[in-house]
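Before any comments, here is the structure.
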Amino acid sequence: MHDTFTPRHSGAVAVIGRPNVGKSTLVNALVGAKISITSNRPQTTRHRVLGIATFPGGQLQLVDTPGIHREQGRRSAKAMNRMMNRAARNALDGVDAAMLVIAAGRWDDEDGLAFEALRKAGVPVVLVINQVDRLKDKSTLLPFIAEVTAGRDFAAVHPVSALKRSGLDALVQTLLALVPEGEPVYGEDEITDKSQRFLAGELVREQLMRQLGAELPYATTVEVERFEEEPSPQAGVMYRIDAVIWVEREGQKAIVIGKGGERLREIGARARVQMERLFGAKVFLQTWVRVREGWSDDEAALRELGYQE
Ligand SMILES: Nc1nc2c(ncn2[C@@H]2O[C@H](COP(=O)(O)OP(=O)(O)OP(=O)(O)O)[C@@H](O)[C@H]2O)c(=O)[nH]1
């Protein structure tokens, strides 16, 4: 009740972490809907997706930043440091706080460099230790926290499980306290600044990654050619969605389609279920695979297909 008299807070929070630690799962859990795609294949996230999470105490605009903490191959520590500082400055422009997400029990030099870059950019950093549900021996958690936080001034440390949604309330309270006082920037029922059309494409891409795994050609993208909302006598509205999966070679097309078209059917069927859940309406989805040679090297083609690095 007395909440009415407490000022609300609102601000942007960057989500940073190595591939596969669970950033997208965390954003989805905080927002309460599926807006950022997840798979167990590293580097799933190619676009910055802003998740909007509104609570009684205020609103967090979550920026999923794939760039800053990417595996940099065998570069020297110095070059890597420079790159991270640059990436941090760009990605962090205008954010009020950052979450450095790690997986419980795992911390490496790259996490240390990311922390330094964040501190240099002047944002408070909350350490989010995700996947605590996977720890076999829970007594290892406290020594791990002690080791990671030694000499590093994190604004707060939160062990969580994004998958099981545990520890998230406390994390939200911390984040709200770190962002400035202010009224929500977005409406209460808004969950992302991305269009439904964009999200539909992402859900197809998620199924491609899940179902093809290592077989998936790197140069694959999804273009939503048609996205139409129609009145439906039974269900209010329904959506007609046509999605094209672009690959670079005929051989890759055969892989995506599968024997007798089985794989493509399965990809479409599962993506449709996810879309219906997200949009809360019936979806008719058609998917095609098309070949366009060399698109991944062609900047104009990339822009046309909706890439924004
Ligand atoms: N057990 C467990 N698994 C988790 C948890 N959070 C995420 N995962 C799993 O970890 C895998 C990677 O999760 P993502 O959310 O895609 O990871 P990400 O950090 O966004 O990955 P990129 O997009 O590649 O940067 C998925 O299979 C998730 O289901 C957690 O709290 N516990």
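Cβ coordinates come from backbone N, Cα and C, glycine included.
In TrEMBL, annotation is done automatically, which means it is predicted and not curated.
What you are looking at is a predicted structure, and each value in this text was computed from that prediction instead of being measured.
For reference, TrEMBL has these:
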BINDING   Gly17, Arg18, Pro19, Asn20, Val21, Gly22, Lys23, Ser24, Asp64, Thr65, Pro66, Gly67, Ile68  GTP binding site
DOMAIN    9-181  domain 'Era-type G'
DOMAIN    204-293  domain 'KH type-2'
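On the structure: features taken from TrEMBL.
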| residue | record | Cβ neighbours (10 Å) |
| --- | --- | --- |
| Gly17 | GTP binding site | 22 |
| Pro19 | GTP binding site | 14 |
| Val21 | GTP binding site | 24 |
| Lys23 | GTP binding site | 27 |
Gly17 (GTP binding site) falls, by three-state DSSP, under strand
Quick one: mean pLDDT on the domain 'KH type-2' (204-293)?
-> 89
Per DSSP, three-state class assigned to Lys23 (GTP binding site) | helix
